[in-house]
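Participant: I'd like to ask you about the structure that follows.
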Amino acid sequence: MVGMPENAALSVGDLVELDLTGIAHGGVGVARHEGRVVFVADAIPGERVRARITEARKKSFARAATVEVLDPSEDRRPHIWPEAGLERDPAERPGGAEFGHIALPRQRALKAEVLTDALRRFGGLGTDALRDLGGGVLQVESLPGDAEAEAPGLDGTTHTSAPGLGYRTRVRLHVDPETGEVGPYAARSRRVIRTASLPLAVEEIGWIAPLDEAISEAEAVDLVSPSADDPRMLVSYPGERRRAGADDPVRESVGGREFLVRAGGFWQVHREAPVTLFEAVRDAILELAGSDRFDPGAANLDLYGGAGLLAAAVAEAAGPGLRITTVESDPGATDDAAENLADLVGALTVTARVDRHLAELRAAAAPVRERLRRGTVVLDPPRSGAGGEVCAGLGEVAPANIVYVACDPVALARDTATLRELGYTPVSLRALDLFPHTHHFETLAVFLRD
Ligand SMILES: C[S@@+](CC[C@H](N)C(=O)[O-])C[C@H]1O[C@@H](n2cnc3c(N)ncnc32)[C@H](O)[C@@H]1O
């Protein structure tokens, strides 16, 4: 490549040597090739790699996948999923464990970098604000059982346990339309990849996963392993309105409390995620209550409430006098929430889109609006975030506090900018590694009305 002009065109299939200088949202490394940004899969910042160009349509950037590491990071590990290792052609590697070649502490450091960068660039937060929020440097916390630790073996020697594996209680696999073979998609592709194992899934999912079978005419297979119930498989067929078994109730146990959830409904994926988020939201409410900012009798809201997990967490902090309304667009999940919150006299469950519900609340009578102003909102939107319209709706309803549970750092950062414009200040932030060996993580941010 020596002597080529600046921005020389890269073509799919080209092999290039790249120095990784950073990490981008989505879990890909960042490098430059003759002025053009290249997003590189399966690399680690600081490494020099040989990579194959996989996408070169855009002028401003290209994509590549690592095929050989020339100068490895000390944090490089054998991939936790053998089929996703560098020995395979990039197009044949299953997606879904894009950090599986990185030591867990470094994975978390990279996630913290992505969060800090997003809050700075899209959230408008400066260095001081970020330091105050994270209580120093922002850290991504591991969940119980996931810290990379040396555990003493039975014979007195030490061995490294397998942290960060066997945690997913929900797994979606896809079906090859031609062969009926079942497996995950390859990264950034709709190609079904055969795999012998699912290392991120709980053991029970391994028992039932149809990895060496063919299911003709099906589209996808969801594997569900509830914490207090038998594992099950839901098969989707094209054109079908409702999957067989999707509405069957399954039992989930969260810190001794039981929740009923439809097998096909939303539930937090990591086996420790429900209890971790329950406790994180409960503690955030206790903290607000400790500074007299939480009013259990106000019109409190659990927006994007699912089966009522986080409303129950608020109730644990607030006690039996709590008034709270969960708002959720899936009617099945609302029914589950009604069941799960039945012991809470002041709980109401509503099936509605959050934007529409907020529009209705804005038009409510003055005493209701006053109760909403004194209230606390728990906000747990899907990956796209709450977005401008919902944030604007919140700005008008103007609750005293917002406890935002976010699964996408950039969406959170954008919503942070909007909420700040509407008079809210973020006062605390916790990041939780709910998805080891992937680039995903969860953030809990508390905002106070100025
Ligand atoms: C990230 S989940 C959170 C569920 C619940 N808070 C929990 O922790 O189990 C997001 C939920 O929002 C619901 N949802 C998605 N878009 C929505 C919308 N526009 N309005 C209301 N609910 C929505 C989904 O059905 C899903 O249950």
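Glycine too: its Cβ is placed from the backbone N, Cα and C atoms.
Remember, predicted model here, so these are calculated numbers, not experimental data.
This is the feature table in TrEMBL:
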ACT_SITE  Cys407  active site, nucleophile
BINDING   Gln268, Tyr304, Glu328, Asp380  S-adenosyl-L-methionine binding site
DOMAIN    9-68  domain 'TRAM'
Participant: Using an 8 Å cut-off from the Cβ centroid of Gln268, Tyr304, Glu328, Asp380, can you name the remaining same-chain residues around the S-adenosyl-L-methionine site, in sequence order?
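Facilitator: The surrounding set, listed in chain order, is Phe266, Asp302, Gly305, Gly306, Leu309, Leu310, Pro381, Val405.
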Participant: If you measure the residue listed as 'active site, nucleophile' to Tyr304 (S-adenosyl-L-methionine binding site) at Cα, how many Å is it?
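Facilitator: With the alpha carbons as reference points, the distance is 13 Å.
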Participant: If you skip the near sequence neighbours and keep only those at least six away, which residues in the chain come within under 8 angstroms of Gln268 (S-adenosyl-L-methionine binding site), Cβ to Cβ?
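Facilitator: Residues satisfying the criterion: Pro274, Leu277, Leu309, Leu434.
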Participant: Ten-angstrom check, please: count other Cβ atoms within 10 Å of the Cβ of the residue listed as 'active site, nucleophile', all chains counted.
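Facilitator: For the residue listed as 'active site, nucleophile', the count of other Cβ atoms within 10 Å is 20.
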Participant: Under 8 Å Cβ-Cβ from Asp380 (S-adenosyl-L-methionine binding site), six or more apart in the same chain: what's there?
Facilitator: Asp302, Leu303, Tyr304, Gly305, Gly306, Leu310, Tyr404, Val405
Participant: Inside 10 Å of the Cβ of Glu328 (S-adenosyl-L-methionine binding site), count up the other Cβ atoms and send me the figure.
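Facilitator: Excluding its own Cβ, the number within 10 Å is 28.
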Participant: Mind computing the max CA-CA distance among Gln268, Tyr304, Glu328, Asp380, which the record assigns to S-adenosyl-L-methionine binding, rounded to whole Å?
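Facilitator: That value is 15 Å for the farthest Cα pair.
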